[in-house]
Ligand SMILES: *Cc1c(COP(=O)(O)O)cnc(C)c1O
């Protein structure tokens, strides 16, 4: 059963004691940690990929598990003395399976990118390597002849993957050339309908039929709508592809039962990857969920592409997943989505332009060209006014991936703090005020700049003061007093 929330005084004592121990060795690190919580407390954080982990999650990471090597899997380690690591890794995996209704959970990936690498190589192992071994009549790669091994290596490099395009909201690890996934796979992209901004399943089906990928990757970092994973699986089945869903951004909405049925990837995809620190609100890390037939391949993630597991982080994953199994996490997930909708509505009512015209999930993609700004200028003007966001491309972005034309806004963090729909409407007003008062600056040559902005006198101070006032009603880590 869920543990009772820790009394406030206990949290203060725990963090103060930890900082005192650190201060004795390197006071500047203790000071930086203290300054970080103050920065987090005082900023209005709308970064869609960030959150605030609980004190229990944070504390589970700072301990002796960090010292243990534990390559292998539970009960089958390459190192002795892993009994306690086995306990926390099994707990994390068990909570994850229950939370997501998954057949198998692999909780070792150190990050979302690592989880994707594990997933890609699991599918390659299952669908390219295993048949080659079988054909050669051997059990493992070391037994292949040099010629068979060369042929298999060439085969690894000749596989196709279909992923969501970057400017439609996909992720760099879904087959793009700057990332290793784009160097490993021959990749093609699917995107959104230019008229509606919505995922175009018909076009995706056409591309899949023509391209016949080994893997179709679904999932996104900046798409404000739902993805129908039942349709994605139908398309994958039709062309013989494995469906992989990267739910790094929206795992918390799946755990919190806001995304169910066709919109829950776990029953539909053969393999699902995620981060654990975004909407899921756990420690910084990754995870792979899969159907049973992929389990043995996924479990070889370390040492295939991962360094030794981080047992302290697996301990924190177990704590975070236990938290996410409590009934109040469903309430949290629902509030994240309600807040995103309130933020979107507040912006729309003030005349702002949103990609797809709104949101169904935890994020809003604000197209700032209507304010005459680039994403970079908007991001900087908002930051100057105490509102932390990140610039993001919009579909077909005329300003490219560096300057961009959008700002991505997400509600998981502020919802953890307790802000609700009324506050979101006021935040929409603040954002509109800042962007409406900003103009492009000039380059040294006197031309309009894509990078510099000019804000009307007094706006930044006034908005930042109001943002601070708003936040003061919702203290962050109320149980932690470091003074
Ligand atoms: C954030 C993100 C990742 C990368 O996660 P890291 O933990 O930073 O490696 C991968 N995929 C998607 C879709 C993401 O949004």
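Yeah, the Cβs are placed from backbone N, Cα and C, and that goes for glycine too.
Per TrEMBL, (6S)-5,6,7,8-tetrahydrofolate binding site is recorded for 166, 170, 171, 172, 293. Residue density at residue 171 ((6S)-5,6,7,8-tetrahydrofolate binding site): 23 other Cβ atoms are found within 10 A of its Cβ, drawing on all protein chains shown.
The feature domain 'Serine hydroxymethyltransferase-like' is assigned by TrEMBL to 23-126 (among others).
Per-residue pLDDT, averaged over the domain 'Serine hydroxymethyltransferase-like' (158-431), rounds to 97. Among the features that TrEMBL reports, domain 'Serine hydroxymethyltransferase-like' is placed at 158-431 (among others).
Annotation comment: TrEMBL describes 278 as N6-(pyridoxal phosphate)lysine. In sequence order, 48, 49, 50, 51, 248, 249, 251, 252, 412 are the residues near residue 278 (N6-(pyridoxal phosphate)lysine), counting only same-chain partners six or more apart with C-beta under 8 A.
Residue 277 (site 'Plays an important role in substrate specificity') is surrounded by 25 other CB atoms, counting those within 10 A of its CB over all protein chains shown. In the three-state DSSP scheme, residue 277 (site 'Plays an important role in substrate specificity') falls into the coil class. Here TrEMBL flags 277 as site 'Plays an important role in substrate specificity'.
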Any of the recorded positions 166, 171, 277 with a C-beta atom under 6 A from ligand 1? Give them in order, or none.
171
Rounded to the nearest Å, what's the C-alpha distance separating residue 171 ((6S)-5,6,7,8-tetrahydrofolate binding site) and residue 277 (site 'Plays an important role in substrate specificity')? Just drop the number here, would you?
16
Over all pairs within 166, 170, 171, 172, 293, the annotated (6S)-5,6,7,8-tetrahydrofolate binders, what is the largest Cα to Cα distance, rounded to whole Å?
30
Take the C-alpha atoms of residue 170 ((6S)-5,6,7,8-tetrahydrofolate binding site) and residue 277 (site 'Plays an important role in substrate specificity') and report the distance between them in angstrom, rounded.
19
With DSSP, how much of the domain 'Serine hydroxymethyltransferase-like' (23-126) is helix, how much strand and how much coil, in residues?
63 helix, 9 strand, 32 coil
To the nearest whole angstrom, what is the C-alpha distance linking residue 293 ((6S)-5,6,7,8-tetrahydrofolate binding site) and residue 277 (site 'Plays an important role in substrate specificity')?
27
Count the Cβ atoms, other than its own, that fall within 10 Å of the Cβ of residue 172 ((6S)-5,6,7,8-tetrahydrofolate binding site), considering every protein chain shown.
18
